[in-house]
Amino acid sequence: TILSYQARDQMETVTAIYHILLFPASFHPVALTVTANKGEHVNISFIRMASKEEDAVIYKNGSFIHSVPRHEVPGELEVSYPQVQPQDAGVYSARYIGGNLFTSAYTRLIVRRCEAEKWGPSCSFHCPSCTNNGICHEDTGECICPPGFMGKTCEKACGANAFGKTCEETCKENYGCRNYMFCLPDPYGCSCATGWMGLECDKECKPGFYGSDCKLKCNCHNRGTCDRFKGCICSFGWHGLQCEKKGSADLSPQIVNLLDPVELNSGVEFKPFCIATGMPLPKSEEFKLLKQDGTVLRPDEISTSNRSEAMFRINRILPSDTGTWVCSVQTVAGMAEKPFQVTVKVPPVPQYAPRLTDRGHNFLIIDINAELHNGDGPVVSTKLLYKPAKRYQSWMSVEVKGTTKRLDNLEPKTEYQFCVQLSRHGEGGEGHPGPQASFTTAALGLPPPEGITLFPKSMTSLNLSWHPLTLRTEDDIRVEVERKSVNDNGDESSVITQVPGNISTLIIKDLEPRQQYMCRVRVNTRSQGEWSNYLYAWTFSDRIPPAPNNIRFSNTTDTSSVISWTAAEGHSISSIIISYKIYGKAEYNHIDIIIKNTSITQYHLKGLEPDTVYQVQINAQNNIGLSNPNTSFELKTLPETKAPYESKGGKMLLIAILGSAGMTCVTILLAFLIMLQLKRANFQRRMAQAFQNVREEPALQFNSGTLTLSRKAKNSPDPTIYPVLEWNDIKFQDVIGEGNFGQVLKARIKKDGLRMDAAIKRMKEYASKDDHRDFAGELEVLCKLGHHPNIINLLGACEHRGYLYLAIEYAPHGNLLDFLRKSRVLETDPAFAIANSTASTLSSQQLLHFAADVARGMDYLSQKQ
């Protein structure tokens with residue numbers, strides 16, 4: 001009787017059976033299993049261990065098939081099949097008739113359904129040459145190697161106490177694999193490990209024999225020696241089963257550079273590589289990849305150099321493919337397997353649709369709302385997808401950093417569809433877009449008011465004003481003002497104030513002293529208008545200001561020095577007072593510097609005495625009063641620079657040199673005056689010839705801000721009143737335009753105490769009388785037009801030495817036509833246009849504003865005709 005247990009690998013294949021024979025038993029089987037090919041002659045033998053006066057009986061699968069009378073029972077019972085067939089397979093047992101199941105001997109007959117060396121469904125394929133008693137599998141055509149051998153044809157021996165498909169398993173007991181019976185998948189059956197034989201696998205092979213059950217004979221050539229575990233051990237330069245082959249021995253394959261673990265995203269194409277070395281190099285058909293569910297994949301491509309690289313292809317990997325995969329390679333020199341872990345992740349998908357936070361006529365602020373999502377993280381990228389809802393247009397996307405995203409340059413009163421797409425790292429990590437939501441931009445609003453100013457009125461109020469609105473609409477117009485403290489740090493929300501559209505001034509009250517506030521304005525009708533830019537202003541201070549600090553003196557000479565300082569912000573400082581005196585004197589000289597902004601931080605102090613020590617104090621003044629006296633600072637001027645003393649001879653030489661230079665200068669000056677007189681006479685002759693018909697009274701008459709234009713008509717001229725500019729308040733800079741008789745210059749002018757840029761038009765000295773009359777007519781037209789924000793307005797005029805200078809508003813960007821042409825980057829800069837996918841640097845909203853401004857200006861001019 002045999003007691004046994006089984007050990008299985010991860011493919012549920014039986015690899016070993018340990019057995020114990022329990023005595024007494026009347027018969028012993030010669031072998032536990034007998035394997036035969038279809039059509040072969042087979043003997044199933046049982047050895048008689050005890051003699052009894054009973055008949056011997058033989059059973060197949062528990063059914064009686066044969067008996068031997070008591071007096072004819074031989075020492076070895078046999079069941080013989082001259083041509084065995086698959087139906088003859090089964091478990092055969094022998095015992096005396098008076099015995100039972102526990103005193104029977106058992107042998108299992110395994111019959112391959114194909115003849116010898118054949119395999120396949122119709123047994124039409126040839127088996128490989130399975131050596132070392134390997135058995136060809138009739139379904140796969142692969143060699144099933146005996147325990148202790150491996151390789152495609154079982155040629156590679158594992159050695160003592162080693163077994164398995166890759167020879168990586170070992171027997172741990174003190175006696176190695178003694179007493180181990182290995183049962184492999186059919187049609188192999190059961191046998192002892194290599195080097196052992198007997199029913200209990202406890203007997204060593206006889207000299208000259210090796211292998212499982214010691215059935216193989218060495219027959220070693222070329223001085224090879226026999227090893228009961230490996231067979232022939234060949235001398236150097238020989239190899240083969242019997243050392244019959246010359247050359248280096250084959251090397252078992254080794255799997256190298258296998259990625260483990262592998263993380264993939266669901267739905268991507270997976271191309272794992274199995275790289276192996278060995279001698280000979282593995283071929284394509286010798287590689288296979290076992291998925292976690294047992295599916296066997298064959299290489300899609302293979303490349304060989306000093307190693308073989310097999311590439312497998314899985315077109316679309318799924319989460320169900322997660323598990324342990326095995327890369328396997330088997331050659332005539334052996335077999336190697338290496339498992340690796342594959343994890344398939346599902347890309348994230350938001351659970352909820354995005355939400356609307358705020359909107360305007362050309363923008364939407366979207367809350368991504370993607371904290372909760374299905375699938376696997378971590379999320380490394382978030383995209384907001386959007387498109388117009390009622391147009392056939394592809395989705396646009398924008399990367400989102402944070403939880404909200406503002407989308408600008410949208411169309412007014414247009415519905416847009418939104419959804420969010422999340423991504424995790426790796427190829428195919430982009431998840432499907434989440435649920436959709438639709439939001440609509442507001443209707444087109446009005447532009448902000450013109451001429452917005454913000455300045456302090458008191459310690460607790462600011463004065464906000466703008467130009468009166470001139471819109472013609474039946475809608476209810478409201479002006480909305482938003483103000484908040486600059487330093488509120490988010491603790492204080494914005495304060496919104498609504499005033500009627502006919503109001504152009506707002507006193508913002510209940511403020512804190514010495515605080516900076518920010519305000520913006522918009523005009524609302526049935527839809528909200530555009531916000532203006534923020535304006536900033538401080539309320540008046542409620543305390544005297546601190547004195548300026550960081551006092552420094554630089555560029556000091558014998559009569560002057562530059563004084564610089566730093567004034568604290570937010571104290572409503574209106575002037576800086578510099579007091580200075582010669583050291584030791586009692587009274588100070590005072591200089592008041594009016595501060596228009598805090599950028600004035602230095603003053604050039606002049607009129608000082610050389611080599612003198614001064615005491616300087618700097619104080620600040622605001623609406624409350626003067627700052628506390630500051631520490632006096634010492635300023636010492638440099639000594640006066642005097643010419644060095646020279647001898648009498650040196651003075652005479654200097655006089656001679658100066659006299660000679662003087663005579664030369666006088667000669668050059670006389671020559672220059674003569675040439676100038678000749679040129680002037682020639683110019684006067686040409687001017688007299690050009691203007692011989694314009695000898696009437698002067699075309700222009702100036703008188704204290706009025707201009708009288710003499711006309712050829714008989715009626716008396718009407719004087720034109722214009723704003724007067726002082727000649728000293730005009731600082732010319734660059735020529736920005738020029739014609740035959742006129743010139744336009746950029747200048748810095750002072751008007752009503754304020755410095756500003758202006759364009760100055762003037763006539764050239766040789767302009768005709770009619771040109772001067774036309775120029776004066778231009779001034780008359782500008783005076784009659786008055787002021788409007790959408791035209792170039794007159795700033796003033798100045799008469800100097802009989803010439804008229806006309807100051808108009810300066811346009812820093814030039815005329816609108818050239819500005820629009822420059823914005824067409826598709827024509828001016830095609831590379832920039834292609835890189836940024838735009839034809840113009842201006843948005844449709846900006847162009848619409850330009851058109852509206854032009855229309856307002858033209859409408860105003862038409863009313864003034």
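Every residue, even glycine, has its Cβ placed from backbone N, Cα and C.
Sequence annotations record features per position, and here TrEMBL assigns ATP binding site to Lys761. Positions annotated as disulfide bond by TrEMBL: Cys145-Cys154. If you look up TrEMBL, you'll see 119-155 marked as domain 'EGF-like'. Annotated domain 'Ig-like' per TrEMBL: 253-343, in sequence order. Among the features that TrEMBL reports, domain 'Fibronectin type-III' is placed at 350-444, 448-542, 547-640. If you look up TrEMBL, you'll see 730-865 marked as domain 'Protein kinase'. Annotation source TrEMBL lists transmembrane segment at 652-676.
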Fill in: Confidence summary (mean pLDDT) of the domain 'Fibronectin type-III' (448-542)
84
Response to the item:
Per DSSP, the domain 'EGF-like' (119-155) contains 0 helix, 9 strand, 28 coil
Discussion item. When secondary structure is assigned with DSSP, how many helix, strand and coil residues does the domain 'Fibronectin type-III' (350-444) contain?
Written reply: 0 helix, 42 strand, 53 coil
Worksheet, complete the sentence: Long-range CB partners for the domain 'EGF-like' (119-155) (under 8 A, at least six residues beyond its ends), listed in sequence order, are 16, 35, 38, 112-113, 162-167, 177, 182, 184-185, 187-188, 191-195, 211-212, 215-216, 229, 231, 241, 250, 252, 286, 330-335
Worksheet item: Among all the protein chains here, how many other CB atoms are within 10 A of the CB of Cys154 (disulfide bond)?
Response: 25
Discussion item. Across the domain 'Fibronectin type-III' (448-542), what are the DSSP residue counts per state (helix, strand, coil)?
Written reply: 0 helix, 42 strand, 53 coil
Discussion item. As a quick check of your reading of DSSP, tell me how many residues in the domain 'Fibronectin type-III' (547-640) are helical, how many are strand and how many are coil.
Written reply: 0 helix, 44 strand, 50 coil
Practice prompt. Over the span of the domain 'Ig-like' (253-343), count residues by DSSP class, listing helix, strand and coil in order.
Written response: 6 helix, 50 strand, 35 coil
